[in-house]
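J.: I am attaching a structure below and will ask some questions about it afterwards.
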Amino acid sequence: QFVCIGGSPSRMRAFIAYMAEELGLGSPGCDYPNICAGTDRYAMYKVGPVLSVSHGMGIPSISIMLHELIKLLYHAKCSNITIIRIGTSGGIGLEPGSVVITRQSVDATFKPQFEQVILGKTVIRSTNLDEQLAKELMQCSKEIGQFNTVIGNTMCTLDFYEGQARLDGAICLYNEEEKLQYLKEAYDSGVRNIEMESSVFAAMCNLSGVKAAVVCVTLLNRLEGDQISSSHDVLVEYQQRPQKLVGYFIKKSLGKV
C-alpha cells in the first residue's frame, strides 16, 4: 500500500526498521532481509503494508529501479498505491534541516518537465506531483510540530557539481556572482531545494497512474555556500525528519494515530 524509496540502502533498511516499530510489527533487534539480495542495483525491504526500496543516485539509477518496481507492483496485483521518495537535498533560501514537500519537479531551466530521448526523438513529460497528497503531508508535519516544512518546487539536475552551480567541483568556469544570480533566479521561480531524482520519478508515476510525493530534508542553504557545515550527529537527525513525517503519514492513513 505504501512504497517508500530513497538513495541509500542503509537508510532504507533503517526506515523499514523504524516503520516496523511504529506499526508494532517488529521486535527490538529484529533483522529485515533484503528481498533483492541477488542484485547490487538496489535493496528492498518489507514490513506489513510498507515496501522500502533504495534507488541509488541520479536519474538513470532511479529510472531503472522504477521500471522494475512498477512491473513488480503490477504483477503482484497491488492497487491504491502511494509512492513517496524520501531523501536529502540542498536548500535554497531555507534553514538547514527544513523539509521540502515537492509541488512539482523542474529542470535546470526551471521548467516543470522531464525530457528524454526515445527512438531518436525528444519526448517531454509532465513532472507535477499529487497536490492532495502534498497537502496531507503538510498537515501531518503541522501535527508533528517538530521541524520547519514547506511546499515548493524541487529542481532536479543531471549533475551534482556544475549542474547545481557548485564552485567546488573539479571543473568550474563561472564565478560566485554568477552562481548566486542563478540560484536567486531559481528561488524567485519557486524552487526551494535541489536534488537529482525527482523529475523522472514524477514523470513515471504520472504515466503509471500512481499517487506520488517527494519529501526531502535540506542539509544546507546553497545561498550561503557549497559545503555542509553541520556536525555528523546533526545531519543524522536531519535525515530522520522525512522518515518521521512519512512514518506519521502512514500511521495516520492506517488509523494508528
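Using the three backbone atoms N, Cα and C, a Cβ is placed for every residue, glycine included.
What TrEMBL shows for this protein is this:
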- 2-250: domain 'Nucleoside phosphorylase' (DOMAIN)
- R41, R85, I86, G87, T88: phosphate binding site (BINDING)
- Q164, R166: substrate binding site (BINDING)
J.: Which one is it: of the binding-site residues R41, I86, T88, Q164, which Cβ has the fewest other Cβ atoms within 10 Å in this structure?
T.: R41
J.: Between the Cα atoms of G87 (phosphate binding site) and Q164 (substrate binding site), find the distance and write it as a whole number of Å.
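T.: If we compare the Cα positions of G87 (phosphate binding site) and Q164 (substrate binding site), the gap is 17 Å.
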J.: Fill in the CA-CA distance, I86 (phosphate binding site) to Q164 (substrate binding site), as an integer in Å.
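T.: Just about 20 Å between their Cα atoms.
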J.: Starting from each candidate's C-beta and looking 10 angstroms out, tell me which of the binding-site residues R85, R166 has the most other C-beta atoms.
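T.: The most densely surrounded of these binding-site residues is R85.
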J.: Take the C-alpha atoms of R85 (phosphate binding site) and Q164 (substrate binding site) and report the distance between them in angstrom, rounded.
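T.: On Cα coordinates alone, these residues lie 20 Å apart.
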J.: Restricting to the record's phosphate-binding residues (R41, R85, I86, G87, T88), give me the longest CA-CA distance in Å as a whole number.
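T.: It comes out at 20 Å between the most distant Cα atoms.
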J.: Would you kindly give the Cα-Cα distance separating T88 (phosphate binding site) and R166 (substrate binding site), rounded to the nearest Å?
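T.: With the alpha carbons as reference points, the distance is 17 Å.
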J.: Including all protein chains shown, what's the count of other C-beta atoms within 10 A of the C-beta of G87 (phosphate binding site)?
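T.: Summing over all protein chains shown, G87 (phosphate binding site) has 22 other Cβ atoms within 10 Å.
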J.: Fill in the CA-CA distance, Q164 (substrate binding site) to R41 (phosphate binding site), as an integer in Å.
T.: 25
